[in-house]
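See structure below.
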Amino acid sequence: MDNKSNLISKRRTFKDGWAFILYLMYTIGCSGCLVMFGMETDASLTNVNYKLLAVLSISTLAVIILSFLLFAFLCEFTIKFSAILFPVIQIAMLCFFPTNVVVIVLGVLSILSWASFVYLYWSQIPIIAKVLTYTTRICLSHLFTCVFGIVICNAIQIFQVFLAFLVLPKLDDKNSIFMLAAVFLNLFWTLANFSCFFKVYISSVVAFHFVNSGSGVFGDTMYNTLCALGSISFAGLVIASVQTVRLLVDRARREDREEQNLFTKIMLCILVIFLTLLQDIIEFANEFSMPYIAIHGCGYKESVRESFKLITRINTIALSGVTLLNIALSQFSILMMTITFGLSYYTIGANLKFDFQDKLFLNSLINTIIGVLVVYFTTMSTFISSYLGLIYLNAERPNLVSEVDPRISDTLKKTTASN
């Protein structure tokens with residue numbers, strides 16, 4: 001066990017502690033102010049549409065179960081079918097939904113990107129599917145541990161969503177822009193932190209499955225993830241800051257159009273596009289760096305740097321797998337969004353007492369829908385995080401993987417031979 005635990009150390013040090021302390025101080029202070037400010041409104045848990053919540057919860061659970069079954073038993077078919085379906089969905093959305101020039105350009109670029117990715121990575125799908133099937137089944141074998149992580153992360157995220165939207169009805173044009181920034185930074189930072197927390201958590205589940213030879217992993221996984229809270233908070237602060245600035249810039253672009261000259265409008269549009277691209281780049285980096293933190297226990301900046309070196313050193317199995325997985329997960333997301341808004345429209349339309357001019361009702365509706373989507377997207381990150389956890393572990397310690405399961409080790413060796 002000592003040899004096995006050299007890499008997945010059970011004596012982790014707490015890196016980037018300043019970020020976690022800053023997060024605690026800011027969140028406690030900001031949340032306290034939000035609670036006091038929200039007490040002046042009539043919003044409460046009784047404003048939640050429980051009928052809609054029940055309907056969406058059942059539909060979300062059904063989509064999640066379907067996705068786990070498909071990735072656990074029909075993974076190769078699911079990835080290939082999703083890859084073929086992707087351009088069809090994109091074209092349909094461009095044809096049947098209102099669009100502007102920017103949306104059309106982005107849609108065309110996404111289709112061109114899809115074509116290049118499929119051309120480059122199609123031959124690797126059988127290997128990627130075997131690895132993903134294996135990691136999905138690992139998560140299912142440690143179901144209690146995974147569900148515990150899902151419940152904890154989602155509960156905190158949903159509470160923060162409710163707290164933020166509890167205050168939003170009281171915010172108007174008279175409120176300072178700093179108040180709005182504080183509310184959304186608090187919200188975005190918490191959402192990002194626990195999204196990253198769950199990614200580290202799931203990668204730790206897979207890693208300790210091999211370290212502990214398939215036995216219990218809960219204690220080691222929780223300790224490993226808690227030791228990474230500083231790095232997680234650092235990652236969350238970076239992405240939350242960009243999201244908050246982008247929201248404020250986009251708000252200024254939309255609300256003050258009559259008072260803006262042409263130069264200002266152009267500069268704001270360019271700034272929104274730049275911040276959107278920057279956000280995508282950071283999220284992409286976090287996708288790869290969080291599993292690396294789970295395996296190595298390093299700081300955030302080091303994990304970004306070293307994970308990039310690692311994915312370039314282990315050929316294309318990490319990048320190709322994440323790319324194809326994102327294509328597949330995007331199809332599940334479209335299915336989930338369609339079901340969510342379809343059932344929301346049906347459920348609300350069947351009850352004529354709802355008033356869409358009522359801000360409290362609108363915010364309770366938003367709370368319900370966002371809460372369900374938070375659960376969905378957090379849970380679905382299981383697939384990529386577990387996949388990268390095994391890829392990183394095998395890249396650093398192939399003997400550890402081969403000792404526990406020689407078959408999956410042989411599958412991963414084929415990635416080197418094929419490249």
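Including glycine, each Cβ sits where the backbone N, Cα and C put it.
The annotation transmembrane segment is assigned in TrEMBL to 20-39, 51-79, 91-122, 142-168, 180-202, 222-242, 262-282, 328-348, 360-393.
For the transmembrane segment (360-393), the neighbouring stretch richest in Cβ pairs under 8 Å, chosen from 20-39, 51-79, 91-122, 142-168, 328-348, is 142-168. Contact count against the transmembrane segment (142-168) (Cβ pairs under 8 Å) is highest for 180-202, out of 51-79, 91-122, 180-202, 262-282. Put simply, of 51-79, 91-122, 180-202, 262-282, the stretch with the most CB pairs closer than 8 A to the transmembrane segment (328-348) is 51-79. Long-range neighbours of the transmembrane segment (262-282) within the same chain, counting only residues 6 or more positions beyond its ends whose Cβ lies under 8 Å from a Cβ of the stretch, are 238-239, 242-243, 245-246, 249-250, 252-253. Listed as Cβ neighbours of the transmembrane segment (51-79) (distance under 8 Å, sequence separation of 6 or more from its ends, same chain) are residues 125-126, 128-130, 132-133, 136-137, 140, 324-325, 327-328, 332, 335-336, 339-340, 343-344, 347-348, 351, 365, 368-369, 371-372, 375-376, 379-380, 383.
Counting only same-chain residues 6+ beyond the ends of the transmembrane segment (91-122), those with a CB under 8 A from a CB of the stretch are 83, 128, 316, 320, 323-324, 327.
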